[in-house]
């Protein structure tokens with residue numbers, strides 16, 4: 001999947017494949033989340049029926065045996081009907097409606113049973129005092145948890161139930177997949193250029209490795225706090241990888257002030273502020289003032305010294321030979 005791309009189209013296909021994997025992961029985890037909610041709904045119906053049967057058992061009389069058997073059979077049929085409907089449901093709202101509807105049907109059948117006992121006892125011996133059927137206590141009516149409510153905080157030292165932890169894990173995996181999908185959207189909108197395809201391929205590969213690592217770590221933790229810490233850590237790691245990617249693009253591409261559009265910040269992520277590069281002002285060269293010329297010393301002409309006058313010497317008379 002992560003072979004080197006040779007064109008913009010290949011990079012686009014790579015991003016598309018990565019997003020398809022994420023979408024499949026999202027669908028898978030949403031299905032698991034519905035399964036958990038469906039299991040909770042079935043448990044609520046079963047507990048509600050158990051409460052009714054306990055009340056019948058406390059007030060069971062020998063002469064009411066036949067009616068009681070018919071009631072238990074009818075209540076069991078109602079339970080099976082709504083468990084089947086829960087299996088067919090695919091939305092949380094439908095699950096909630098089915099739970100409420102099943103409780104109403106169970107209450108209706110139980111009320112008819114009690115009314116039948118009252119009418120049969122009044123038509124019998126008048127000397128026999130009528131034994132009033134005790135009303136079903138309100139506290140026996142189990143409350144139906146809202147599908148979107150978070151699990152109540154567990155006391156210190158007591159581990160949460162396995163279904164709650166599994167649900168938290170599914171939510172965490174879904175959050176990681178969604179976060180990576182938003183990063184890919186941002187890359188596709190603002191950085192998908194032909195000269196950047198090699199960096200983008202490397203980035204997607206690194207993000208995918210981080211995603212796989214996160215999913216594995218989430219499976220191996222057992223508390224809600226550890227799950228949250230793992231998610232926050234993987235978000236920070238993904239942010240660091242994206243920041244490094246953007247810095248690499250900035251270094252490789254010459255800056256053209258005024259032409260570069262600011263990239264839109266990704267949802268849920270704090271964009272790292274880019275330092276403002278101020279143009280360097282040229283330092284003014286020191287002004288060189290012309291040095292005034294020093295006056296040359298005046299050279300006075302040297303007066304020629306008068307040559308001594310050479311007086312002609314009188315010729316000495318030659319001696320006569």
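A Cβ is built for glycine as well, from the same backbone N, Cα and C atoms used for every other residue.
Nobody curates TrEMBL annotations by hand; they come from automatic prediction.
Listed features, source TrEMBL:
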- 35-115: domain 'RICH' (DOMAIN)
- 114-173: region 'Disordered' (REGION)
- 118-130: compositional bias 'Low complexity' (COMPBIAS)
- 144-154: compositional bias 'Pro residues' (COMPBIAS)
- 156-173: compositional bias 'Basic and acidic residues' (COMPBIAS)
- 166-247: domain 'RICH' (DOMAIN)
- 193-224: coiled coil (COILED)
- 246-321: region 'Disordered' (REGION)
- 264-276: compositional bias 'Pro residues' (COMPBIAS)
- 279-321: compositional bias 'Basic and acidic residues' (COMPBIAS)
With DSSP helix as H/G/I and strand as E/B, how many residues of the domain 'RICH' (166-247) fall in helix, strand and coil?
76 helix, 0 strand, 6 coil
For the domain 'RICH' (35-115), give the DSSP counts of helix residues, strand residues and coil residues.
75 helix, 0 strand, 6 coil
Local confidence of the prediction over the domain 'RICH' (35-115), expressed as mean pLDDT:
83
